[in-house]
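According to Swiss-Prot, the feature topological domain 'Cytoplasmic' maps to 1-138, 680-736, an assignment based on sequence analysis. If you look up Swiss-Prot, you'll see 139-159, 177-197, 199-219, 264-284, 290-310, 338-358, 383-403, 496-516, 534-554, 568-588, 609-629, 659-679 marked as transmembrane segment, on the strength of sequence analysis. The topological domain 'Extracellular' annotation in Swiss-Prot covers 220-263, 404-495 and is backed by sequence analysis. Annotation source Swiss-Prot lists N-linked glycosylation site at N229.
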Amino acid sequence: MKTEAQPSTSLLANTSWTGTVISDSVPGSQTWEDKGSLTRSATSWTSEAQVSAARVAEAQARTSQPKQISVLEALTASALNQKPTHEKVQMTEKKESEVLLARPFWSSKTEYILAQVGFSMKPSCLWRFAYLWLNSGGCSFAAIYIFMLFLVGVPLLFLEMAAGQSMRQGGMGVWKIIAPWIGGVGYSSFMVCFILGLYFNVVNSWIIFYMSQSFQFPVPWEKCPLTMNSSGFDPECERTTPSIYFWYQQALKASDRIEDGGSPVYSLVLPFFLCWCLVGAFMINGLKSTGKVIYVLVLLPCFIIVGFFIRTLLLEGAKFGLQQLVVAKISDVYNMSVWSLAGGQVLSNTGIGLGSVASLASYMPQSNNCLSDAFLVSVINLLTLLVFTSFNFCVLGFWATVITHRCCERNAEILLKLINLGKLPPDAKPPVNLLYNPTSIYNAWLSGLPQHIKSMVLREVTECNIETQFLKASEGPKFAFLSFVEAMSFLPPSVFWSFIFFLMLLAMGLSSAIGIMQGIITPLQDTFSFFRKHTKLLIVGVFLLMFVCGLFFTRPSGSYFIRLLSDYWIVFPIIVVVVFETMAVSWAYGARRFLADLTILLGHPISPIFGWLWPHLCPVVLLIIFVTMMVHLCMKPITYMSWDSSTSKEVLRPYPPWALLLMITLFAIVILPIPAYFVYCRIHRIPFRPKSGDGPMTASTSLPLSHQLTPSKEVQKEEILQVDETKYPSTCNVTS
């Protein structure tokens, strides 16, 4: 289909004056309920209206654009031409309760950028990126990721930011305005965001549980617990490592299989509830409180990561870890699976397709430079990933070194016992002094043995290899809760470093949870006027609902379901949602038309390359990623690592057939609103392209919108006046 700019007038500007708006306790936005404020004198009001008219006229004179009548001018002219009578000032109780002025703004652009960065800095994305770097090509994967980030990630992030900011709508309503027939994509993104929010705080509850246990000395995952009424260690723990035992048996109380049910784990219910209380407390007072909390939640992990990185550079094995960081497998550049993994990671790290990006951007002025914001957020996110991955590899190098040292010492003890028992000849006696660098001393001794003695030794002991141990880093949450916690226990003082590490993860998790919940709360407020006036009631109700539903994932088998959704399922609906978003802007609204509107709003030209990326390259790349992942999913069975209580070992099990059926069912449910809303539009004869011009356009939200294209300077002026209007509510209502 064509993506040419339409000759009709734009729909982008002035949406904040006519669309749904949120009442919030931030500067420049309030819900006015004081009846006295509605009865200002006509003389005072007229004077203020004249000042407003003069300001708008000055803004029009400064631009070369054809003069257009803005909503503010229409209100001003109407007010100046007629005296505000007592009857017009009077409002019914019903109308008075619905007086909601301008949508709130972020207190500063810094808060907004930090909110977007905090939403994208999910702990799971950080450790998954490091895991993929380690196991999917090294620097080759990193190069592919960076290429995909700027080719696909930044344009799509810019698209969502521009849509939300221009339309002043959350992730559910914005697409109804841009493309009525594709309006169902907003409902799909809302449902995906809701499902993600159900289990996201469960991961945060794991972090809080570990943090609460880190005050013990030694930390409980450093040594096996003693059996009750005995001086011996727990035999189940002795058959594995303390960190693995603590993860499965103490933290998760994991079942042997996903089929095993059980009630919620009580030791996780309280941390889970605490997570929701913290997120609710941060959001209950709107953007004013959220913005201040974001400073701490985003900046604190950055300082901790830098401090950790400096500290780990001084550890033994850090150099080996950094050497593994720069390893590149050139053959993986030609592997489509690696490209699809990098593309999926770009979608996860940028957070597009969930509606949260558009919701956060909807609280910015329409003239804000969202293109530079998209680049800035992406670059900050990329730098955070690179620093965090470098820190990860330093820690893993230290962890692998310590484990290998202990392996060599254990082998030496085993060999001495076998020699004393006469099972090995005296020539197989290992070096006595393994205190300093035991791995080098042990390996040098082993390589110097005669071949027949060496063969006898290797049959009795395990191989101790630092490269092999380095590659044993676990996937998913276990990357942090197994490999990392064990490494922190090796680092004195282990209590301090463990607490700081989990504090960093918790801050990241909470900032991401705020972004996810903003993608749920904002669309509900935009859609239902009742929720705009009762924000606190909405937040409490939604959080209680999600807490109750999320208890399902705190059961003994809950971690297996989280892996099913996060590693295998969620990327598919996100790709479909993003593809339809590009269709909405590129085909229904028109990519060139959208860019032309943004050029006027922002006051500077935007590269026409986006008019080619959105309708052509991005959808094709996303569909290739979708097909590649689908083929990989069909060819290779999906698996999960479970706990076998009989052997106290981790066991790789395939997901049962009903798990795949569950994925398909969930996918169908969240995608269903797209065709369903299309059918609704066809039945009600809603046009494919949004109407525009002088007449009102009725969007799928049934909101009459009269949109006029306004130059950048004028938009900025109206944004200033919009804040001024909140001081004089009668100005906005005297002509209604």
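Each Cβ is built from the backbone N, Cα and C atoms, and glycine gets one as well.
On a predicted model such as this, the values are computed, not experimentally measured, just so you know.
Here the transmembrane segment (290-310) has long-range neighbours at 106-108, 111, 114-115, 117-118, 121, 282-283, 384, 387-388, 390-391, 394-395, 500-501, 503-505, 507-508, 510-511, 514, 518, meaning same-chain residues at least 6 beyond its ends whose C-beta is under 8 angstroms from one of its own.
Comparison of 383-403, 496-516, 534-554, 568-588 by number of C-beta pairs under 8 angstroms to the transmembrane segment (177-197) places 568-588 first. Spatially, the transmembrane segment (139-159) is adjacent to the transmembrane segment (609-629); three or more Cβ-Cβ distances between them are under 8 Å for residues at least 6 apart in sequence. Using a cut-off of 8 Å between Cβ atoms, the transmembrane segment (659-679) and the transmembrane segment (568-588) share at least three residue pairs, counting only pairs 6 or more apart in sequence.
If you average pLDDT over the topological domain 'Extracellular' (220-263) in this model, you get 85. Within its own chain, the transmembrane segment (609-629) has Cβ neighbours under 8 Å at 3, 148, 151-152, 155-156, 158-159, 336-337, 339-340, 343-344, 571-572, 575-576, 578-579, 582-583, 585-587, 591-592, 595, counting only residues six or more beyond its boundaries. With respect to Cβ pairs under 8 Å, the transmembrane segment (338-358) is most closely packed against 568-588, considering the stretches 199-219, 383-403, 568-588. Note: the topological domain 'Extracellular' (220-263) comprises 14 helix, 2 strand, 28 coil (DSSP; helix = H, G, I, strand = E, B).
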